């Protein structure tokens, strides 16, 4: 509590606008006593609101499961796919929520405040990815009757190795991502409330285990819906407050425009610029295709719907929802900038990191309003919790289908026993994710390192699916070597980037003219920043070839990874193709099959072998020679 009180006093006294009038000493003392009593009352209300919000949000999705135990809820099919009882609207919000995490709520406002709107244009890539996933990826494996999307790779390449490589990539990426995700709200909890990091991490883990044991996919989707609605309401409320404070929405846009915060339609070809319109759109397109079309937790939601028309309707209707949810944090960044544009808390040394700007705003502006920052922190906590629960469900499913089901002793067990194993695996993953969260908090630079490695895995995963769906002569040797070569190449670039310290990361200019602060100290810090930035730029300009490679923006990692996987896969496949690599042509995309039937391959065909169709029957397709 002492830490909390200190934080409140620091946040109130740290940033004072020049227009505030000084009070006499006696009035100040009386006001401090009154404020102390008010702060104590408000703290109690905020704690109550925070705990109540988290508890209610956690119990609503599983209320039916707690009240009665239905037969269907015990089946593995219901746990994994929700048995087709999830509404279209709920699935839309869940899929949209999965593309945006807690990191976006805290990261996008600070990104706009200190770097401008350039990263906002990554929305183009997200929008472009939805119809591609809907009409290219989904039709290929919708009728296969699989519970793991990586099972498709085994059917296509007749190789368990390729399937395990893809599954391992997904598991590693998700574990690292979730470790960062659950660590993010602990920063706000520790900064605003004073809750120790380990308490927050342990709480998220225990609730996730509880959800995983009782809920399944339906509970995860319901939790996503609650989080989407609460997060949207909170962000809209912030925008409304800032609009009233600064004098209207037009004033928010005017302030941002006059201070060079808008940076749209920059088509510069320099690969070393942190983000341009081209890199934002292209990079996010490849990352979103890997996420939406090749990742288990999303495909698991598609396959839970009974018909392809419902999937198509859900995905296409989801585009405006994603636009709204993606843009709201950026509007919040604009609104907060309109409040602090002449008094930057970071430059005034009130906050230590850029991502603290939104938590600081909530305490600075709503500390006197009971329960407001309690809802804010509760939303962040619940956001990390729901993403953790949702992905644990998918991680456990992939682990069972792609690894544990190979063990004869487990495969022969009853469905109820298999479900218990899946839940146990989910519990283990929850503990592992908590451990990653602790590591993120203990080591410096782990967050950036994890995010770079996670983004680097998008290319190999997307590339192997491109090989499977669109390259008729691709075989398991080419797919495996393509993924391995891509992983090693991108990992080499990532490690080189982390080791090299001359990657320029400039921030836009901010002002502290409206603050009561030590302007000389601030100006000195600003001059040191300029010197360090200039040194970084000069180092890049005089660097050798390796430094130029290491300084390529991470926005292109997914593109490079995909291209490397496909090219290496094609070369190795052409060099190693044999009759043992024959496969069922239904594994290819329908358009590729149509083109292949008219191909000039001099009579060579890639054969067929028997695979299980969606109904469980064994079908065999013989492909006529061209």
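Cβ from N, Cα, C; glycine included.
Among the features that TrEMBL reports, signal peptide is placed at 1-18.
Feature annotation from TrEMBL assigns transmembrane segment to 44-62 (among others).
Annotation comment: TrEMBL describes 83-108 (among others) as transmembrane segment.
Sequence annotations record features per position, and here TrEMBL assigns transmembrane segment to 128-150 (among others).
Within the chain carrying the transmembrane segment (162-183), a Cβ under 8 angstroms from the stretch's Cβ atoms is held by residues 101-103, 148, 150-151, 153-154, 197, 201, 204-205, 294-297, 384-385, 387-388, 391-392, 394-395, 398-399, 402-403, 429, 432-437, 439-441, 447, 450-451, 453-454, 457, 460-461, 464, 476, 479-480, 483-484, 487, all 6 or more beyond its ends. Annotation source TrEMBL lists transmembrane segment at 162-183 (among others).
Residues or ranges marked as transmembrane segment in TrEMBL: 195-217 (among others).
Under the heading transmembrane segment, TrEMBL lists 229-253 (among others).
Marked as transmembrane segment by TrEMBL: 273-294 (among others). Long-range contacts of the transmembrane segment (273-294) within the same chain: residues 95, 99, 115, 118-126, 128-130, 132-133, 136-138, 149, 166, 170, 264-267, 455, 457-459, 461-462, 465, 504-505, 553, 555-559, 561-562, each at least 6 residues beyond the stretch ends and with a Cβ under 8 Å from a Cβ of the stretch.
According to TrEMBL, the feature transmembrane segment maps to 315-340 (among others). Residues 15, 88, 92-93, 95-97, 99-100, 104-105, 107-113, 117, 120, 123, 126-127, 130-131, 133-134, 138, 228, 231-232, 235-236, 238-239, 241-243, 245-246, 251-253, 255-256, 259, 261, 302, 357-358, 361, 365 of the same chain lie 6+ residues outside the transmembrane segment (315-340) yet bring a C-beta within less than 8 angstroms of a C-beta in it.
Outside the transmembrane segment (371-389) by six or more residues, the chain places 45-50, 53-54, 57-58, 97-98, 101-102, 105-106, 178, 181-182, 184-185, 188-189, 192-193, 200, 203-205, 207-208, 211-212, 215, 219-220, 223-224, 226-227, 230-231, 234, 359, 362-363, 430, 433 with a CB less than 8 A from a CB of the stretch. Residues or ranges marked as transmembrane segment in TrEMBL: 371-389 (among others).
Residues 76, 79-80, 175-176, 178-180, 182-183, 186, 197-198, 201-202, 204-205, 208-209, 212-213, 388, 392-393, 395-397, 399-400, 404, 410, 413, 450 of the same chain, all 6+ positions outside the transmembrane segment (421-443), place their C-beta atoms under 8 angstroms from a C-beta of that stretch. Annotation source TrEMBL lists transmembrane segment at 421-443 (among others).
As annotated by TrEMBL, transmembrane segment applies to 449-471 (among others).
What TrEMBL records for 554-577 (among others) is transmembrane segment.
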